[in-house]
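So that you can see what the record holds, here are the features copied from TrEMBL:
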- 32-51: transmembrane segment (TRANSMEM)
- 58-79: transmembrane segment (TRANSMEM)
- 99-116: transmembrane segment (TRANSMEM)
- 125-144: transmembrane segment (TRANSMEM)
- 156-182: transmembrane segment (TRANSMEM)
- 194-211: transmembrane segment (TRANSMEM)
- 223-242: transmembrane segment (TRANSMEM)
- 249-270: transmembrane segment (TRANSMEM)
- 276-295: transmembrane segment (TRANSMEM)
Amino acid sequence: WGLMLVLSVAIYGSHAPLLTLCKVDGMIPFSSTSVVVLVELTKLMFSLLFLLTWNRELLGVAVSWRHVAPFALSALLYAANNNLVVHMQLFMDPSTYQVLSNLKIVSTALLYSLFLRQKLSKRKWVALFLLVAAGVSYSCGGLQDPGSPSKMQLHVTLVGLLLISVYCLISGLSAVYTEAILKTQALPLSLQNLFLYFFGVLLNLIGYFWSSAEGSFLEGFSSWVLVIVVSQALNGLIMSVVMKHSSNITRLFVISCSILVNALLSVTLFNLQLTLLFFVAVSCIGLAVHLYYGVT
C-alpha cells in the first residue's frame, strides 16, 4: 500500500511538469484526445494481462450483462469530465480553473457520504476543507516565476462558473459511482477493470472521431508523451485498487499530497521559486492528514 500510494503521488505531481516538457513554442503539439485514448487502451491491455496471469480460470466463465452495463455509465461520466476540462478553458483562465477545481474535493466527499452512507465526523470534514484550502493556496501562487509579475489575475464568466460546478459534480459522481460498483460486485478487480476500460476506449475513440481533429492520431508525439501515457495508465490502475479496497477519500489525499512533487519538479526543472503560499498549503495538508488519520 505504501509503495502504491507514494507512486501515485509521484505520478499525479509529475503530470503538469511532463506536459510542460512536451510543449513546442509554448503550445501542446499533440491531440489531448489521442492521449486519453492511448491511456485507456494501455489500461485495458494491462487489465487483460493481469487477468491472464492471475485469474485465467475466469476466461471461460459466463458474465451477465448486469455486471458489464454499469461500467458503461462510469466510463461515460469520466469521458464527459475529460471533455469538460477542455471546454471550460474557453470561459476562464487556467489559474481560475486551478483554484475552483479544488471544490471537487467537497463534492466528492459529499457524494461519498450520501451515496455510500459513510458518515464523516466533524473532525474529518475539517480535514477535507483543509485540503481545499491547501489546493487553493497552492493554485493562487505557491510557485512563482522570478521573471514574471507576482500578481495573479483571475477571470471567469458566468458560463464558466456553471461549467466548473457541473465539472465538480460529475467528478465526484464518477468517482463515487465507480467505487460503489467495484465494491458491490463479487468480481475480481482485473475483470472489472477490463469492462471499465473497454468502454473507456470505445467512448473516447468516438469522441476523437467526433471532434474531427486535424492531423494524424500520433502527430506531435514525443518520448515525453509516451511517459505520460504509461504513467497515467499505471496511476489509473492504482486508483482502481484504492477505490476497490480503500476509498475515494484516500484518493483525495493522494491528489493533495502530489502538490509536494509538483513543486519539487517545478523548482528543479523550470527554476520556479517557492512562495509563502506553498508552505501554507503544505501546513494545511499536514494538519489534514493528522486530523483525518492520526487522531483517535
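Using N, Cα and C of the backbone, Cβ positions are placed for all residues, glycine too.
Caution: TrEMBL annotation is automatic and unverified by curators.
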Intrachain neighbours beyond the transmembrane segment (276-295), with Cβ under 8 angstroms and 6 or more residues off its ends: 123-124, 126-128, 130-131, 133-135, 137-138, 140-143, 249, 253, 256-257, 259-260, 263
Other parts of the chain folded back onto the transmembrane segment (32-51), taken as Cβ under 8 Å at six or more residues beyond its ends: 58-59, 82, 86, 188, 190-191, 193-194, 197-198, 200-201, 204-205, 207-208, 211, 213, 217-218, 221, 225, 228-230, 232-234, 236-237
Range from 99-116, 194-211, 223-242 with most C-beta pairs under 8 A to the transmembrane segment (156-182): 99-116
Spatial neighbours of the transmembrane segment (99-116) far in sequence, C-beta under 8 Å, 6+ residues away: 92, 125, 128-129, 131-132, 135-136, 139-140, 154, 156, 161, 164, 167-169, 171-173, 175-177, 179-180, 247-249, 252, 256
Residues from the same chain, set at least six apart from the ends of the transmembrane segment (249-270), whose C-beta lies under 8 A from its own: 5, 8-14, 16-17, 20-21, 105, 108-109, 112, 128, 131, 134-135, 138, 142-143, 145, 175, 239, 242-243, 278, 281-282, 285, 288-289, 292
Tertiary contacts of the transmembrane segment (223-242) (same chain, 6+ residues out, Cβ under 8 Å): 4-5, 7-8, 11-12, 14-15, 18-19, 21-22, 30, 35, 38-39, 42-43, 46-47, 178, 182, 189, 192-193, 196, 250-251, 254
Same-chain residues near the transmembrane segment (125-144), Cβ under 8 Å, at least 6 residues beyond its ends: 95, 98-99, 101-103, 105-106, 109, 150, 152, 249, 252-253, 256, 259, 263, 266-267, 272-275, 277-278, 280-282, 284-285, 287-289, 291-292
